[in-house]
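Look at Swiss-Prot and you will find Asp139, Asp437 tagged as active site. The transmembrane segment feature in Swiss-Prot is assigned to 25-45, 51-71, 514-534, 548-568, 583-605, 635-655, 660-680, 702-722; the stated evidence is sequence analysis.
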Amino acid sequence: MEPQRKHSTALHTCHPCRRTIPYRIYAVFHTCGIIALMYHHVHSIVNANNTLITCLLLLSDIVLAFMWATTTSLRLNPIHRTEYPEKYAAKPEDFPKLDVFICTADPYKEPPMMVVNTALSVMAYEYPSHKISVYVSDDGGSSLTLFALMEAAKFSKHWLPFCKNNNVQDRSPEVYFSSKSHSSSDEAENLKMMYEDMKSRVEHVVESGKVETAFIACDQFSCVFDLWTDKFTRHDHPTIIMVLQHNETEMMPNLIYVSREKSKVSPHHFKAGALNTLLRVSAVMTNSPIILTLDCDMYSNNPTTPLHALCYLSDPKINFDLGFVQFPQKFQGVNKNDIYASELKRPFDINTVGFDGLMGPVHMGTGCFFNRRAFYGPPTTLILPEIETFGPNRIADKPIKAQDILALAHDVAGCNYECNTNWGSKIGFRYGSLVEDYFTGFMLHCEGWRSIFCSPTKAAFYGDSPKCLTDVIGQQIRWSVGLLEVAFSRYNPLTYGIKPLSLLMSLGYCHYAFWPFWCIPLVVYGILPQVALIHGVSVFPKASDPWFWLYIILFLGGYAQDLSDFLLEGGTYRKWWNDQRMWMVRGLSSFFFGFTEFTLKTLNLSTQGYNVTSKSNDDNEQMKRYEQEIFDFGPSSSMFLPITTVAIMNLLAFMRGLYGIFTWGEGPVLELMLASFAVVNCLPIYEAMVLRIDDGKLPKRICFLAGLLSFVLTGSGYFFLK
């Protein structure tokens, strides 16, 4: 895998961020402030008239202090890296083989044309075509997706040569033909017509819900559609593996469709199970040393992305224990100020450079180049699979369409194949959490593998972001449940991870494992001081009390550092403001309900299902609201009841506080400041409650229930504030 070098031997460099020293100094002062705050809380409990209120505030501040510590662990040694792919020089036959795994599960939430564009964009990489094998896992077992990929295989014979001969940069056909800068040559226009014809056929099939005989009568794969009988369902069906295109001429990549066997009586382990099936099938067919995992909506935006990854994976100084190279998730179509914080800048950019200065970033689930060897035990101890001849170091030299190869591939994709094996525990992607990406990355790090964050100037991948608040919240409820599954298991990062990793790396992983815990201080600080303010009671120090300034300093210091993080990593003030607002929204919705769902699941009172986030944006009115930066609350949903209740409570407290200024004298100033800050953040909610009449407004039922709950909370304050 080691290349020849042009000029300098360095394929990559790294340098520490300039903010490191100031952040370390600030961490010392902020820690002193937190210690002082804890002392104040303990002193208050001893002398408190109402122990319950003081204990709730103490609990909230303990959670805030812990989460600040986890964030600070990622601020102490952030680094930035630069790759030089132009220095990577190797003959085509010397490039390492590359297997690409693309996962999809529902042709209606993840349109087949989206899958097609993702597959074509990576098949067209600036990389020796015969070295690329693209495996598409269809966990929904849909004939619609298979038909779309059959069409893609035909179109690729024209699209790939066009891209490479004309140095096309946008290698997703949909993106290229939608751009104003695409070529107007006859060849390009003919290709566009071919693409539109393919697109219309695929969309017609999806709309009708079945593959009509007229579309496949002359196709060599037409007989495979006979498998879709009345007994065939997405949860119960046989294995289907189709080699739609293979590189026998060394001019085109392999394209393989894989739908693993499903049975209602056998656990399938969601996406982790699908990826492990692809690991085994690819080991049988191609066994490439490098694996790229992609979600079906993350198309390639940079044709040289594999070369950026090879700058690290081919470096003999670091590749012995280099498990994976993680690229950031970037999203297309995000509105100017990112009202839903869809870019997830803190987890995908800011925190990641902090992880990179330790043992490397967490696995983000997509856009990741793996060393295949990393899935088979620690760097120093190879754990062979049950079929030893198909270990990570074997050279696959048989034709992938050979009958014995296809038969074995079908066998390893069976629903009972993993029984009594190490798959999911010691080999492959790990089971036990809905967030298989986070958990797998954590286990690889604990085994001694390192990772690297690679963020080229030209984004490697672009995906689709939710355009409706319901989709944003729903997606993160699932994340919250999965993260808590790790936090409350034997693999808790703080107990299990501290020995093989380090204190800072363990705290970094804790930042995500305990992510849903943000809901505790947000609920307490969103309701308790406001109820107190309405009743004219102080729960914080008054303005004349020296402790008053400790709260002010900690609040302003924390927010100033958060803003600094954002601006230094290329963000804007408006995006930061929307990000911190969405932190509150998530805390009072997705984190709150995720915490609740996990608790019910632990008590066997609820079963969490895996729901695919819709990536289809066909609602024109919804898109229009998104582009105008108007919050879209979508259909009626109880997910918005807590945040609406908190919004009403803060508005009532704010109005009561303004009136009280003239009657209370010194009064509860901190409570009024907190309510004022919350009211400013809740302006889109008030607008959706009262001023709007479109379909994206808050439903009247939610507003009524929130008002009723606010009345109950305010009334109850009369009793517990005594």
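Using the three backbone atoms N, Cα and C, a Cβ is placed for every residue, glycine included.
Counting Cβ pairs under 8 Å to the transmembrane segment (514-534), the stretch among 25-45, 51-71, 660-680, 702-722 with the most such contacts is 51-71. Beyond its flanks by at least six residues, the transmembrane segment (51-71) meets 30, 34, 37-38, 41-42, 44-45, 351, 507-508, 510-511, 514, 517-518, 520-521, 524-525, 528, 532, 539, 558, 720-721 of its own chain at Cβ-Cβ distances under 8 Å. Ranked by the number of CB pairs under 8 Å to the transmembrane segment (702-722), the listed stretches 548-568, 583-605, 635-655 are led by 635-655.
According to DSSP, Asp437 (active site) sits within a helical segment. Using a Cβ-Cβ cut-off under 8 Å and counting only residues 6 or more beyond its ends in the same chain, the transmembrane segment (583-605) has close neighbours at 341, 469, 472-481, 483-485, 488, 515-519, 522-523, 526, 639-640, 642-643, 646, 678, 681.
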